[in-house]
Amino acid sequence: MRVDDDRFPWDQDSILSRDLLSASSLQLCYENLNRSCVRSPYSPGPRLILYAVFGFGAVLAVCGNLMVMTSILHFRQLHSPANFLVASLACADFLVGLTVMPFSMVRSVEGCWYFGDTYCKLHTCFDVSFCYCSLFHLCFISVDRYIAVSDPLIYPTRFTASVSGKCITFSWLLSIIYGFPLIYTGASEAGLEDLVSALTCVGGCQIPMNQKFVLINFLLFLVPTLVMMTVYSKIFLIARQQAQNIEKMRKQTARASESYKDRVCKRERKAAKTLGIAVAAFLLSWLPYFIDSIIDAFLGFITPTYVYEILIWIVYYNSSMNPLIYAFFYPWFRKATKLIVTGKILRENSSTINLFPE
């Protein structure tokens, strides 16, 4: 989605002459082909470390999110509208780990694209679509948590399975409708024809974005982000007020046990806190990348390659974060994972196992 170069001159002849000069001293992606891209490989030590780091992220994204999806879809106790949203979010992150991260790993470490022009475009479409799909899911989840915390007793009648299904459908359709035509129609490259021609070489996969679509991308990121920040600030205020009210009631009545409403409020606040951490992790991962994209689009792609690689892999690693967050905060997820890993979910009636502590 950007130019993979440290300093980009906008003159095509200077690019070609520089590439020819580099080709005489550096390796090529395809040694026996004309117009092969220049390859600058890492030495064996750093190369091995990078493969280990990037590969671990891809495996964690695939396996961790697969655990989340399996847990929610298999165990009946987890069949709720809110959890279906979480499972759909895990599906988007799972697809990032499966269709994007392994191929980006090879490109980042080897400096070449070995998977063909067709999958180069598909890879970029997957990248854009699935990542925006995650963002839209998180936005809807934040709204769901706001409803649950603000009035937990009527929440089940407001956020139903039908509403959850509409949120999931909207998230997937909008991200796919935006991502795929954007890349396949070449709309993102309009006005950059000379740049695209200069960058075209065998073993490359650079799809630059013009200023118009960089701004559209940023707006698609900014609007849900503002919604989430507004909603979670309200959730924080409501949760704090509820906690103060419950504490006052306990002091006044000296009750040893909690009321049903107190328990529901406490549970919903914990869920909101956990998913709030997931949202914060997403925003911290994505914001530096979007800021860099805007800077590059308007200042001529000045970001050094290694800085861009760091930013994009922070984004990719976000797809691996949510299962770790769930594992840390949710005992039911740890128990479900143990049942899946040990194969106990294959037993008869395993879907009815109680995952929640008494």
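We number each residue from 1, going along the chain as drawn.
Glycine is treated like the rest: Cβ placed from N, Cα and C.
According to Swiss-Prot, the feature N-linked glycosylation site maps to ASN34, an assignment based on sequence analysis. For ASN34 (N-linked glycosylation site), the Cβ neighbour count at a 10 Å cut-off comes to 8, with all displayed protein chains included. Mapped onto three states, the DSSP output places ASN34 (N-linked glycosylation site) in coil.
For CYS37 (disulfide bond), the Cβ neighbour count at a 10 Å cut-off comes to 23, with all displayed protein chains included. What Swiss-Prot lists as disulfide bond is CYS37-CYS201 (among others), and the listing cites similarity to another entry.
The transmembrane segment feature in Swiss-Prot is assigned to 48-68 (among others). Long-range neighbours of the transmembrane segment (48-68) within the same chain, counting only residues 6 or more positions beyond its ends whose Cβ lies under 8 Å from a Cβ of the stretch, are 42, 86-87, 90-91, 93-94, 96-98, 101-102, 104-105, 108-109, 313, 316-317, 319-320, 322-324, 326, 333, 336-337, 340.
Across the residues of the topological domain 'Cytoplasmic' (69-83), the predicted structure has a mean pLDDT of 93. Residues or ranges marked as topological domain 'Cytoplasmic' by Swiss-Prot on the basis of sequence analysis: 69-83 (among others).
Annotated transmembrane segment per Swiss-Prot: 84-104 (among others), in sequence order. When Cβ-Cβ distances below 8 Å are used as the criterion, the transmembrane segment (84-104) is approached by residues 54-55, 57-62, 65-66, 68-69, 72-73, 115, 119, 122-123, 126-127, 130-131, 133-134, 137-138, 140-141, 144, 161, 164-165, 167-168, 171-172, 275, 312-313, 316, 318-320, 322-323 of the same chain, each at least six residues removed from its ends.
Annotation comment: Swiss-Prot describes CYS120-CYS205 (among others) as disulfide bond. Non-local neighbourhood of CYS120 (disulfide bond): TRP113, CYS205, ILE207, each in the same chain, at least six residues away, with C-beta under 8 Å from its C-beta.
Tertiary proximity for the transmembrane segment (123-143) is limited to same-chain residues at least six positions away from its ends with a CB under 8 Å from its CB atoms, namely 1, 82, 85-86, 88-89, 92-93, 95-96, 99-100, 103-104, 115, 167-168, 170-172, 174-176, 178-180, 182-184, 205, 207, 220-221, 224-225, 227-228, 231-232, 235, 275-276, 278-279, 282, 286, 315, 318-319. Taken from Swiss-Prot, the feature transmembrane segment applies to 123-143 (among others).
What Swiss-Prot lists as topological domain 'Cytoplasmic' is 144-166 (among others), and the listing cites sequence analysis.
Here Swiss-Prot flags 167-187 (among others) as transmembrane segment.
Beyond the ends of the transmembrane segment (213-233), by six or more residues, the same chain brings 132, 135-136, 138-139, 142-143, 145-146, 178, 182, 187-188, 272, 276, 279, 283, 286, 290, 293-294, 296-297 to within a C-beta distance below 8 angstroms of the stretch. According to Swiss-Prot, the feature transmembrane segment maps to 213-233 (among others).
Positions annotated as topological domain 'Cytoplasmic' by Swiss-Prot, on the basis of sequence analysis: 234-274 (among others).
Distant neighbours of the transmembrane segment (275-295): 1-2, 86, 131, 134-135, 138, 141-142, 145, 209, 214-215, 217-218, 221, 225, 228, 232, 235, 302-303, 307-308, 311-312, 314-315, 317-318, 321-322, 325, 329; these residues of the same chain sit at least 6 beyond its ends, with a Cβ under 8 Å from one of its Cβ atoms. Taken from Swiss-Prot, the feature transmembrane segment covers 275-295 (among others), and the record attributes it to sequence analysis.
Residues annotated as transmembrane segment in Swiss-Prot, with sequence analysis given as evidence: 310-333 (among others). Long-range neighbours of the transmembrane segment (310-333) within the same chain, counting only residues 6 or more positions beyond its ends whose Cβ lies under 8 Å from a Cβ of the stretch, are 54, 57, 60-61, 64-65, 67-68, 71, 77-78, 89-90, 92-94, 96-97, 100-101, 104, 108, 131, 134, 270, 273-274, 277-278, 281-282, 285-286, 288-289, 292, 355-357.
Counting only same-chain residues 6+ beyond the ends of the topological domain 'Cytoplasmic' (334-358), those with a CB under 8 A from a CB of the stretch are 67, 70-71, 74-78, 327. Positions annotated as topological domain 'Cytoplasmic' by Swiss-Prot, on the basis of sequence analysis: 334-358 (among others).
Look at CYS120 (disulfide bond): DSSP puts it in a helix. Here the Cα atom of ASN34 (N-linked glycosylation site) is found 9 Å from that of CYS201 (disulfide bond). DSSP assigns CYS201 (disulfide bond) to coil in the three-state reduction, outside any helix or strand. For CYS205 (disulfide bond), the Cβ neighbour count at a 10 Å cut-off comes to 22, with all displayed protein chains included.
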